[in-house]
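J.: Annotation source Swiss-Prot lists transmembrane segment at 11-31, 48-68, 105-125, 137-157, 164-184, 194-214, 262-282, 286-306, 328-347, 351-370, 403-423, 429-449 (among others), citing sequence analysis.
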Amino acid sequence: MMNSASVRWQLWIVAFGFFMQTLDTTIVNTALPSMAASLNESPLHMHSVIVSYVLTVAVMLPASGWLADRIGVKNIFFAAILLFTLGSLLCARSETLNELLASRVIQGIGGAMMVPVGRLTVMKIVPRDQYMAAMTFVTLPGQIGPLMGPALGGFLVEYASWHWIFLINLPVGIIGALATWFLMPNYTMRTQRFDISGFLWLAVGMATLTLALDGNRSLGIPPIAIFALITVGLIALLSYWLHARRNERALFNLRLFDTHTFSIGLTGGLLARIGSGMLPFMTPLFLQLGMGFSPFHAGLMMVPMVLGNMGMKRIVVQIVNRLGYRRVLIVSTLLLALVTALFALVALMQWIWMIPIVLFFLGMVNAIRFSTMNTLTLKDLPDTLASGGNSLMSMTMQLSTSLGVSIAGILLGMFSQPHMAAGSGETHMVFIYTYLSMIVIIALPALIFNRVPADTIKQSTLPRKS
């Protein structure tokens, strides 16, 4: 594929960055109960550890590409790895939940820049006719990360301590930073002026509203401060809307929403990912606290879901071409709600052998819906708006995951009782009520997807080599 050894090394550097970022998105979930015990917190209130990271990624994503073009991909990628590694070290040294949350924010700033800047690096070092092959190479470790994350996290927690889920990032991060500094050229390009005002309005709006959503229960923020956060958040989002209406170079052009499929895909996708974003957080928590599984056993149970997700992506195009976008989105959404209910039933009935089968099917359905949503959202955008639409969709994906985990944490807190024992009847009831609420949330986007036009253009498939 490549003739130049230096280019090959640069692709390996980007691949390791992808691996670090995607591994971290799943390795933490299995460790939350152990973290809670170590930090003297309730395991049902530990969702903020995930929210702080994912929300930071969502806030920082819009600025990452511009920074790479302006300052250089080498400098930004190097800084991203350093920040991610420093955040990992601080996470491992945290002795309170607040320290851990602050460290996750630092880690999230680095994680937000790694993947988009990595993609930009590949675009600059590889000829266009080799871009797909290069991206396939660098994203493969990114697919292995989520596969390894839950089981590796459970293994480290069970046989070492939760601190090691962050400490394992240190040697990889140091090697990656040194390799970036010595082997990667610092590509730059002329950029337009960055929309600082729009970026700040959106960042403030997303951060304050997400914090207000669960600040009272998980962080003890008083009601008057919650009201102030909601007010500030709504004013910030309204200010961005007014700013974007009169600014053609706004961070995200409002003309994006003139495309009907983009509007439906983005709003439906936001609500859909809130529901499905709960699943990677809730599943290992339910298996450990509700069913009494060990961290490693719970982590292993997550592997079939990732395998189902990876295996289904190859045939999504054929399914959409055969059934159409609207039918695929509606059926997959309702099917995901049904399979989620089936998982809770199978687990509570102690049919342990069926759990990995149901989770594999859950991953398959999730992959169909995700891939179809992403394609629908971007497929009709004009070329001049495609980049902005892709960035907005990426930001919305992270934001909706953050909201989903927050809402799952709120539901657990609403239904929980003090001093519940793992595997007890009271704990089972908490998870039953939470899963019933989740099923409704997961099914709701079907109402939005019902508005998808029936006459969609079929997607082409890549030709197979004979």
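Cβ from N, Cα, C; glycine included.
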J.: Sequence gap of 6 or more, Cβ distance under 8 Å, 3 or more pairs: do the transmembrane segment (328-347) and the transmembrane segment (262-282) meet that?
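T.: Output yes: the transmembrane segment (328-347) sits against the transmembrane segment (262-282).
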J.: Same-chain Cβ contacts of the transmembrane segment (48-68) under 8 Å, 6 or more residues past its ends?
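T.: Contacts of the transmembrane segment (48-68) (Cβ under 8 Å, skipping residues fewer than 6 from its ends): 24-25, 28-29, 32, 35, 76-77, 97, 100-101, 104-105, 107-109, 111-113, 116-117, 120-121, 191, 194, 199, 202-203, 206-207, 210, 214, 218-219, 251-252, 281, 391, 394-396, 398-399, 401-402, 405-406, 409.
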J.: Would you mind listing the long-range same-chain contacts of the transmembrane segment (429-449), meaning Cβ under 8 Å and 6+ residues beyond its ends?
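T.: 44, 264, 267-269, 271-272, 274-276, 278, 282, 286, 289-290, 326, 329-330, 333-334, 336-337, 340-341, 344, 348, 407-408, 411-412, 415-417, 420.
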J.: Residue list, the transmembrane segment (286-306) vs rest of chain: Cβ under 8 Å, 6 or more residues beyond ends.
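T.: Beyond its ends, the transmembrane segment (286-306) has Cβ neighbours at 26, 29-31, 33-34, 43-44, 146-147, 150-155, 157-159, 279-280, 344, 347-348, 350, 355-357, 359-360, 362-363, 366, 422-423, 427-428, 430-431, 435.
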J.: Under 8 angstroms, Cβ to Cβ: which one of 11-31, 164-184, 262-282 has the largest number of such pairs with the transmembrane segment (137-157)?
T.: 11-31
J.: Can you tell me which of 11-31, 164-184, 194-214, 262-282 gets the most C-beta pairs within less than 8 Å of the transmembrane segment (105-125)?
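T.: Counting Cβ pairs under 8 Å, the winner is 11-31.
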